[in-house]
Amino acid sequence: MAEPARTLAQDPRLADADQVRWTRCPNCRSLVYLRRLRRNGHVCPDCAHHMRMGVHDRIESLLDAGSFERFGADVAPVDVLGFTDSRPYTERLAQAQRRSGSNEAVLCGTGTIDGAPLVVAALDFGFLGGSVGGVTGELVARAARTALDRRTPLVLVCASGGARMQEGTISLMQMAKTSQEVARLHEAGVLVVSIGTDPTYGGVTASFGMLGDVVVAEPGARIGFAGPQVIRQTIRQELPAGFQTAEYLRDAGMVDLVVPRHELRAHLARLLRVHSGGTAAPAAERGYRTRPRPAADRDASEVLHAARDIGRPSTSDYCARIFEDFVELHGDRVSGDDPAVVAGIGTLGGRPVVVVGHQKGHETAELVQRNFGMPQPAGYHKARRMMDYAERFGFPLVTFVDTPGAHPGVDAEQRGQGTAIAECISRMARLKVPAVSVVTGEGGSGGALALGVGNRVLVLENAYYSVISPEGCSTILWGTAERTSQAAEQLRITAEDLLRLGVVDGVVDEPAGGAQQDHAAMASRLAAALRASIGELSELDGDALLDQRRRRFDRFGDPDHSDSEVQP
């Protein structure tokens, strides 16, 4: 396992004056000139290994030059327990203070990134291993309170071995103290970004370190609650390769983004831009039609084939073309990151939005990797997490529906597929922000509806929406899949049928030959429909949005609304 970089000790190849000018990369073992290393952000120029970075260099690398204004520098820790191990705690503190030039293991202040204001609290691993004592927690809490008072985002840079044992339960209580301050920011809709650097363990991971609305980590950063040595010595368990690394945690659904150090400032700037967005100008056109066109009626089996064309734009394609500053966020914070669901934030005409959608792909390898757009429970958990995100910040929600259905495997059932879908539907139904759902390809049963409980539901011209796949319907009702075309016709799955039924509120027409023929034109039409829909819905307050959505779905199956039923 890699060790922190250190200066060379009596290397015979170097003159004495050079001993403090070079260091050896703990990963690839190459010699690196210290000035070059610092210019490269303490990242090895040969292997890209991210070495530990001093807290002052960290602040300098992230914030606009000259913008940092420190607070809390005069607050110093107290030896409340009179603790002594091999040395008195007071001696350890004094030594750490001399070496670091700071009173504590955290540097707090205000500043800007690309002009956007924020509050930052950065832990200093060089000060007693970044351990959290009473004053450390107090300063982190003060940073959170400052962010709340100013209603500016809080960025927490974490590097810590955990709680400071020399302060006993006073240290332990900082987990609760800092967590409740972060919770207040969540309640107030103030953005919190947590950045995990190497290493981040113990009480920091189990409190503010993993409570960010967005959790970012540097490549290779070791992050966990119990460290590897504790696990091995306590329960004698061998650990898998890559365990507790940033990449491992991203795949496990706990981290949104693994970002190389030289890209971190740009990623933060994008997040801040999205969260500082305002209202959009009125849409110039509606972008969709609300009346069926008899001439547009097509054979249902033809629509079925078109909806499944792997050349059609995917959710990722729409995110890249429609939303400015789109940032994909990963993970459900419970069990994993399902690639069959793409989620993130961006802006639409200057208005911040949250986006969630099924994701298939265009090539065989991606289709397999995305499970053909069939989500596992983790995918629906991720979607629900992003619905919470939308409501927390008052952002409209846009969902793209394109799935043959939820994954039907044993593993999905064991992890509660039905519950995951039900909770997703329930959460979307209760949102007090505008929600617009668009069926862009396949709308397969409950797995589709989980992302389809919008205030406004649109469908693309060549998409379909159905209670079951026509093949499944044919097999169950006729005992053979040979009557799929008949089943498709009788299920009334086409855009025109759905509009007559009132299941959708509008149809977005596709370019000649279908959406797969011109991604840019399709994205432009869909962007117009989304801007118009969100603009209209944004005129309603939260309670009115909730009531409108409830009434929209209440009418289905109500005999008093028989006028919306399809005519034979």
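The backbone N, Cα and C atoms fix where each Cβ goes, and this holds for glycine too.
Looking at 25-47, 71-93, 186-208, the range annotated in Swiss-Prot as zinc finger turns out to be 25-47.
Residues within less than 8 Å, Cβ to Cβ, of CYS44 (Zn(2+) binding site) and separated from it by at least 6 positions along the same chain comprise CYS25, ASN27, CYS28, SER30, VAL32, LEU37, MET51.
Other C-beta atoms found within 10 angstroms of the C-beta of CYS25 (Zn(2+) binding site) number 20, with every protein chain shown included. In this view, CYS47 (Zn(2+) binding site) is surrounded by 11 other Cβ atoms within 10 Å of its Cβ, with every protein chain counted. When the zinc finger (25-47) is classified with DSSP, helix, strand and coil residues number 6 helix, 4 strand, 13 coil.
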